[in-house]
Amino acid sequence: MTKMDKIESHPFGIHNWNRKILNVYWTITVIYMAANAITIAYIFGSGLETAPLAEVILRSFLLPLGGMIVCNILVETFNKKRQRGGGNAIIALGTVLSGIVVAFHSNTNGIQLVFLLPMLISIFYFQRRKVALSFTLNTFVFFVLLAFHPGLMARLNGNDIVLTLAVLMAGLVIANGILSRGIEMQQHLKKTVEAQQDLLVKNVMMDKLSKTDALTELYNHKTFHEYLDKLIEHAEKNGLSLQLAIIDIDNFKKINDTYGHWIGDIILRQVASAIRGHIATDDFAARYGGEEFTVIFTDKTLDQAYHIVESIRHAIERTNQRELEGQPVTISIGLQAYNRGAGKESLFKDTDASLYKAKRSGKNRTVIGHRAEAIG
């Protein structure tokens, strides 16, 4: 399928354009009515017309105008019944309206060139086959009128016919040229948009890579400190409840030495997954470094944070570690609530001291730091 075929296969709001083109044809009908009325008034006022007024009004005004209105109404009805499509009928309407104008005004020089109008309007569909359809219908109706309309037959000679066909063919070439240029611009726009989207995706990926730990897919050490700074600032200003947990894998060096670093990486990913699976969306988990992880809890009480880290600890302890021949993995946790005015260094130091106490008192446990009043 060519690029042109792909573009033509999409309707691009064709129903709206059908409505707009029908509005154009109604506007043309009104303009035709006004122009005819002015012309009739002028020729009778100037004494240029000797035929009876009623005959001229019927022949040059009522009959063509009535035909145009009837055709417009028929296509309007067809378009309403067919919510999708209907473009071919509207193109045919343009040809019929042009044929009516030519048939009732055959004595006007160059009137047959009005067949260019529906061909130009067909460009709005952005489909070569509709432009070709318009050209075919216009040419066919022109030859039908030429064969059966006495006035047109008498006035047009061979040169006029050849010139008319040449103009219609030139219109076809120009219309296709406009479509080709439109396709070219559309493809350029599409490539530009795709390039911008690719750049946006790359920027998002680069931003994610700069903020996350590649192994565990948790946030990294740098992002942890940036986020903690902002949360402490928020806690100082607005009284946000804040707790920090530091999690350390027990005997991790022994795991690496006994089973290898690649097994150690598996354990790190498992612990990270357990942490991620137990915290809420407004909490923040990071790999602080080595076998240490941090979790920042927000908008919770210290007891709520304690129950969450305990559920993490129990989940990890109960996990069957096939890579370690069934030996369990345990973690030690230090937990501390932030107290207004303490600052980040004090919070981290107190939490780390709680972790150290958990390690010294037998590991595989959670130790809460001194219980001052938590904010909130």
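First residue shown is number 1, and so on along the chain.
Glycine residues also receive a Cβ, built from the backbone N, Cα and C atoms like all the rest.
Note that TrEMBL annotation is computational and uncurated.
Copied from TrEMBL, the annotated features are:
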type	residues	note
TRANSMEM	21-44	transmembrane segment
TRANSMEM	56-75	transmembrane segment
TRANSMEM	87-104	transmembrane segment
TRANSMEM	110-126	transmembrane segment
TRANSMEM	131-149	transmembrane segment
TRANSMEM	161-179	transmembrane segment
DOMAIN	240-371	domain 'GGDEF'
For the transmembrane segment (87-104), which stretch among 56-75, 110-126, 131-149, 161-179 has the most Cβ pairs under 8 A?
110-126
Is the transmembrane segment (56-75) packed against any residues at least 6 beyond its ends, judged by a Cβ distance under 8 Å, and which are they?
22, 25-26, 29, 32-33, 36-37, 39-40, 43-44, 49, 86, 89-90, 92-93, 96-97, 100-101, 103-105
Same chain only, please: residues at least 6 beyond the ends of the transmembrane segment (21-44) with a C-beta under 8 Å from a C-beta of the stretch. Say none if there are none.
53, 56-57, 60-61, 64-65, 68-69, 72, 75-76, 79, 90, 93-94, 97, 101, 117, 121, 124
In the same chain, residues at least 6 away from the ends of the transmembrane segment (161-179) whose Cβ sits under 8 Å of its Cβ atoms read 112-113, 115-116, 119-120, 122-123, 126-128, 131-132, 135, 138-139, 142, 146
Work out, from DSSP, the number of helix, strand and coil residues along the domain 'GGDEF' (240-371).
63 helix, 31 strand, 38 coil
